[in-house]
Structure formats: structure tokens, C-alpha cells
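A.B. asks: The following feature annotations were taken from TrEMBL:
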type    : residues                                    : note
DOMAIN  : 4-300                                       : domain 'YjeF C-terminal'
BINDING : 104, 157, 158, 159, 160, 161, 162, 163, 226 : (6S)-NADPHX binding site
BINDING : 197-201, 216-225                            : ATP binding site
């Protein structure tokens, strides 16, 4: 599957002196809660480290979440959202290239209601979406919110995948005790893209499936999924921008750009994790992984900075 890296390489924005801010990606993260402030930070700072120009974070004011995020990095644009009001977020969507919903979102009714409205609004303007963490639990409660939207990428871990499988089985009338395959879930939801995270990352839209089994690390510190969500969002935005500016290309990619982008992101995270683990072993935490993004990106895409 390493040729998927070669398929992604042309989609990486060239670093040219005549570019202006935003052309290499305007990414947003919607998430954070009183308990989880680190998750949206990990997603957002990873996006910037990979190479997006601008990263917005939409976070609630409840529990000082937005204020805490503002202190973590001045590079992130943090928008305090009062009372989970989606009208504080939706007007920004037209200026974005992708939105990642879910890192640290929490499970309050207010957060879920706000996220639902933002997802619906993003669909209405065909904005690429990545759904992670608690946004996947929201989807399990209401599959229609994402069903049929082929610009969506879902990134479930083991527990989230089981919940997603149970919800889809209920929808299709499957009363067995079997766990659905990711291909079955993707197809049942209208060929959206599923990234089933695990020892091997299985990436599928129901029609085509690839597996990322590059070496990562045995350490399972919190935050790795948040890094991956930011990486997928950034690379997915780049892919859409590439085809937007090269709409006259006759050659169609061998795989959907959602699959290509997700594979590239999974490969990058595994490479970063492996390098971090070689240094810190059992002490490896998410910031160690993030600190390996620059060198790992150059390892995988050596021509990208020229």
C-alpha cells in the first residue's frame, strides 16, 4: 500500500514565495469540554505542524475550556462559544476547507445539539468533515446526520466502532451478534469513509479498502486519536484544494481522495509514534509524537519542502 503515499504527494501544497495566508489550508476543530481541553489542542497544533496555514478551534466557554485553550498556543485561533450556540460557528464555515468535529467534545446535550447543527450546515455547503471521538457517539444516536454524505470521514476506535456497528445493525434490521465489517458500515451509510483504528488501520468507503499496517508504537497514551484527526483533516483539505485548482485533470486517482488522505495521515502518525517511542519508550506522551511531525513528514515526503 506504500504507493498510496506516492498518490498523495502531488496533493501537498508547494511552498512558494507568492502564496498568501490560507492557501495551504484553513482547518477548524470543533471540540473541547470542561473535562477535555487537551484533545482539540492536539488536533489543532498537529494540523499546523503538518502544514495548514490557519487552524480555528471552536470551544465552549463552560468550565473555562476556551480560555485554557487560548493559553496553550498563540498559533491557534480559539473562538469561545457561549452556551453551545451554533450561530457562533456556522458563519465561519464558508471560509474553511475542512472541519474536524469531536475531539474532547464531551457528551452534554448542549454540545451534541450544537455539533448536530454544525454538521448539517457543513453538509449544506459540501464542506469536508472529519468526525472523531464523541461526535461518533452522536452519530450513533442519529445516523441520518451523516448518512449519504460522501465527504465525511469517520475515525472510530475499537469501542466507538462497536457502537457504530450496533447502530447500523439496528438500522438495517440485523439482529445477529456479529460485528459488522467496516465495509458494511460504510456502504450502509452511503459510502462514507471509515477509518477503523487499531493494530492495523482499515480504511474503506465500502467500495475500496486499504490497510495501513506500518510500524507504530506499543504505547497507548491518550491523544493519539486527536493527532490523527487533525492530520486527516489537514490532508483531506489539501486533497480537495488540489483538485479544485486542477479541475481540468483527465486522470482520476486510483482511490477516492478520502482514502488516500486518510492513509497518508495514518502513515504519518505511525511514523511519528515510532520515532517518539525510540526516544522516550514507556514515557512517550502525545507531545513527544507531535514533536516528531516535522522530521517524520520529511521522511515520508522528502521533496515536499523544495
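A Cβ is built for glycine as well, from the same backbone N, Cα and C atoms used for every other residue.
The model shown is predicted, which means the values in this text are computed figures rather than measured ones.
Describe the structural surroundings of these features, if you would.
C.D. replies: Other Cβ atoms within 10 Å of the Cβ of residue 226 ((6S)-NADPHX binding site), summed over all protein chains shown, number 30.
The Cβ of residue 219 (ATP binding site) has 273, 277, 281, 282, 284 as same-chain neighbours under 8 Å, each 6 or more residues away in sequence.
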A.B. asks: When the Cα-Cα distance from residue 226 ((6S)-NADPHX binding site) is computed for each of the binding-site residues 197, 199, 201, 217, which gives the smallest value?
C.D. replies: 197
A.B. asks: Closest to residue 199 (ATP binding site): which of the binding-site residues 104, 158, 160, 162, going by Cα position?
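C.D. replies: Closest recorded candidate to residue 199 (ATP binding site) by Cα: 158.
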A.B. asks: Can you give me the Cα-Cα distance between residue 162 ((6S)-NADPHX binding site) and residue 221 (ATP binding site) in Å, rounded to a whole number?
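C.D. replies: Taking the Cα atoms only, residue 162 ((6S)-NADPHX binding site) lies 21 Å from residue 221 (ATP binding site).
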A.B. asks: Please average pLDDT over the domain 'YjeF C-terminal' (4-300) for the predicted structure.
C.D. replies: 96
A.B. asks: Between residue 158 ((6S)-NADPHX binding site) and residue 197 (ATP binding site), how far is it from one CA atom to the other, in Å?
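C.D. replies: Given the Cα positions, residue 158 ((6S)-NADPHX binding site) is 7 Å from residue 197 (ATP binding site).
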A.B. asks: If you measure every Cα to Cα pair among 104, 157, 158, 159, 160, 161, 162, 163, 226, the residues listed for (6S)-NADPHX, what is the largest value in Å?
C.D. replies: 20
A.B. asks: For residue 221 (ATP binding site), which residues of its chain lie six or more apart in sequence with Cβ-Cβ distance below 8 Å?
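C.D. replies: Listed in sequence order: 284, 285, 286.
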